[in-house]
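Copied over from TrEMBL:
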{"type": "BINDING", "residues": "17, 50, 53, 94, 127", "note": "Fe cation binding site"}
{"type": "DOMAIN", "residues": "1-145", "note": "domain 'Ferritin-like diiron'"}
Ligand code: FEO
């Protein structure tokens, strides 16, 4: 059993994970429309991962006997001008998600809610991997600038497999 405040905050996090999925689906579509097929594939896998994160929280809320609130999902702004801008936005978003998860952990700790604290640790670890992976791609994109190297990076992005990052 979790208390009302925790259930409410977890429902907000559930919404943020669904928004993340929506955002990455949008980024995937931007890449596809622009001709970055590797980027489109990379962000589609990111969409799938975020959907999985959302469902993980969904199941936890139910397992704890609390109510699911399906809050409205905000429309993401997906008008990018470059692949670099797209990944920079992704990093900014993941940093916001890390902050949000840290706040949830603080709440669990304050409430001595060990079950939620333990549950959230998986997400905290996942954020380290996500930020590192996106940061690495941003560094590579900055290195090649507007040159032809961007197509090599796009090709590398297409090699990402489900559940793994491009750097693995
Ligand atoms: Fe599930 Fe990338 O935050």
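Including glycine, each Cβ sits where the backbone N, Cα and C put it.
TrEMBL labels come from automatic prediction, so no person has curated them.
Worth saying up front: this structure is predicted, and the values here are computed from it rather than measured.
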For the domain 'Ferritin-like diiron' (1-145), residues assigned helix / strand / coil by DSSP: 117 helix, 0 strand, 28 coil
Cβ neighbour count within 10 Å of residue 53 (Fe cation binding site): 22
Near-site residues: Fe cation, ref 17, 50, 53, 94, 127, CB cutoff 8 A to centroid: 16, 20, 49, 97, 123, 126, 130
